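As annotated by TrEMBL, domain 'Alpha/beta hydrolase fold-3' applies to 109-232, 242-419. The active site feature in TrEMBL is assigned to Ser197, Ser287.
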Amino acid sequence: MIISINWKDFSVLQLPSLPLVVHISIYSTVAYIVMDSHKVELAYEFLPFLRAYKDGRIERLLGTETVPPGFDKKTNVTSKDILILPDINVSARLYLPKIVKTQKKLPVLVYFHGGGFCLYSSSAPMYHNFLNSLVSNANVIAVCVNYRLAPEHPLSIGYEDSWAALKWITSHSEGHGSEFWLTEFPDFNRLFLAGDSSGANIAHNMAMLAGDPKAGFIVRMAGLALVQPYFWRSKSVGSEAKHPLSIGYEDSWAALKWVTSHSEGHNSEFWFTEFAYFNRLFLAGDSSGAYIAHNMAMLAGDPKASFSVRIAGLGLIQPYFWGSEPVGSEANNPLKKTLDRIWPLVSPSALNKDDPRINLVGVDAPRLSGLGCTKVLVCVAEKDIFRDRGWLYCETLRKCGWKGVVEFIETKGENHEFHLHYPDRQNAKDLIDDLAAFLNLESYPLSYL
């Protein structure tokens, strides 16, 4: 079977154009890719994202460009890559702002990148540049988690990776972790989670885990920021393979645990042990990364969890949530049919698109009152298909009995991931300013509190 998606469906996402690199020949109902004088049979394609071949190989058509870490002259931010969970090959990119000897410990931001759970990494140029700017502006330590990607590693692996990473990060909160940056510089009382799109989804789910007594580990967050989050469900709201997506969650959770393991100053990463203030730990992510950030926050809020760290806040940037029934004007959006195919691709074991990790208002979804932080920032774009679900997320939080404060920011005239594709626009700079204010609670505008 061949799955093919109309390229016109993606015009609203403002994706960059791609060069034609291979020739596709069609024989009956089977597609072959002609490479090096031999044919490789195509299992399916999900344009313009990726192709999967019957020999198990995945060819990604977007999000493969990378840049190395190091010192950024423009922002004075230093970054480095570390392998935090060798057993499952989960890594992260750490960002450290310019350090002044007399300064106090710094807030910690755990960030989950977007990409529909199947694209990009912490070393993608747009994420590297965005986090350099955010770290410089907000004066925080940031950890961008490389959870394993679907479809090779289906969900819930991405969630599990993210949760393990969060536990590793917060293990440094007593100064005993292996990462010097996490034992020396962070204030773990100011721990924030954030993400964009699917990363915002992960951030949310991590915050839910943080409030779940059955998670086996408690993370106390100061705040949650969701930027253009990816959420979905089955009714309308407003205008709108080899390994199982659970792996992305597992990677993210493992990475979060690794980061927080530095909170006592005894783990391996110097940046965390020396500079991070783990009392101000934030989670964040964009799109699907915002989705992961949410789920990490849910895990962190579980009082029965086996480890405990305070998450200061959750930031969801255009978070990615979804469902089987359209919300608002989603039913008439040309992207809906395309997005309906993503969840079965990244989480083939899920029964339907109303999986409680992706549809936060479904009948099986856990109550958001268990979210493991007290401050949430949700950032959406006016023209983004996920805009209405971001709004619904905020309204649900406000009405569910959750004991916290949620702020909703909508950028007019912009589409999904505008801040990554057009970083020089004033709207993108304003978004970074909003996130920086959220991460620095002392200077946070009164209207947010």
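Just so it is clear, glycine is given a Cβ too, placed from its N, Cα and C backbone atoms.
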Between Ser197 (active site) and Ser287 (active site), the C-alpha gap once rounded to whole angstrom: 0
Secondary structure composition of the domain 'Alpha/beta hydrolase fold-3' (109-232) [DSSP: H/G/I, E/B, coil]: 45 helix, 40 strand, 39 coil
For the domain 'Alpha/beta hydrolase fold-3' (242-419), the mean pLDDT of the predicted model: 83
